[in-house]
């Protein structure tokens, strides 16, 4: 990754645009931010820019959603976390925004309005086209430098994500730098053996990751859990029962069965599948071998014998990349697979979690300090692990070529 970082630039007295990802769960009735984790992740970058005029760019949700709102509550939250005043401007690039930025002093933080209030920001476009938008040209004219720190949106190509990097000198913020460094380590220097644990309901993403890390020999083993495992069972010709089969169809993953079969045929010794599962039968947890699942009972977790087997395999790993739960952990009866595997994964030398629900469970279990890295970007992390270059990373590299030293 050949892009600039904060260590490569002088920021004292400069006006610096910083793109963050403050997109958070919000209670629409009270406009209260329910989780400030994403704010906390960006604090080190903002603190590192204490000698500059900092102009923060962020979004909240998207048009049409109930939580698509102004960033007034975000300014209050940031003010409390930074323990300093934050100037909120309900404007993105108009006269009010320009005046607020012009009047700021080094050490000040200005938070502009939700960038998705600008129609241009909601369009996917090439970076060179993004650089020509009114949004980017107006923002770039207000500042000397751009710091991109929003890993959670790095898999998108929209004006403030990739266009600004083509319009002005841009470097990665501390969070972005950390994410790329830790996730790159999975491919370059992770202690062996490396086990990927792929679960949850995003079957297409998990199968793409499995195919990539097995083909390039990044993974020594791939443990398949959750709904992803159900697709692999179908690929083996196993009857998983009507409810689980219907769920795969409803989620639109029928075509993934053939891809799962290709992986099983190509890497028969490298794919781990639970042999025992837990189903909901008469509202109770009942465990069966996968070949004897009752026809009308949904599979909601791994069985105890498989939890023990998988936990042992994880503890014998040097590195683990964990993405997605083993079952419906929101129901206490079906949480043990997810909880126990996450506990086992916490004990290895190098452990990475792909973000999203899994990261939330790790925090809930108090395991966060034991993990090497919890990614802040679910979709971006997955796309990175499939081997694709994220648009924001490509734009950072292009900016450094164009404007860097």
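Backbone N, Cα and C define each Cβ position, glycine as well.
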Q.
Based on Swiss-Prot, name the residue from 330, 331, 397 that is recorded for the same ATP site as 355, 356, 357, 358.
A. 330
Q. Which of 12, 38, 53, 102 shares the substrate site with 21, 22, 23, 59, 60, 61, 62, 116, 156 per Swiss-Prot?
A. 38
Q. So among the binding-site residues 59, 116, 357, who's got the most Cβ atoms within 10 Å?
A. 59
Q: Using a 10 angstroms cut-off on Cβ to Cβ distances, just flag whichever of 21, 330 is the loneliest among these binding-site residues.
A: 330
Q. With a radius of 8 angstroms around the mean position of the C-beta atoms of 21, 22, 23, 38, 59, 60, 61, 62, 116, 156, what other residues of the same chain does the substrate site pick up?
A. 58, 114, 153
Q: Translate the DSSP assignment of residue 330 (ATP binding site) into the three-state scheme.
A: coil
Q) How many neighbouring Cβ atoms, not counting its own, are there within 10 Å of the Cβ of residue 61 (substrate binding site)? A) 17
Q.
Just to be sure I understand the packing, how many Cβ atoms besides its own are within 10 Å of the Cβ of residue 23 (substrate binding site)?
A. 19
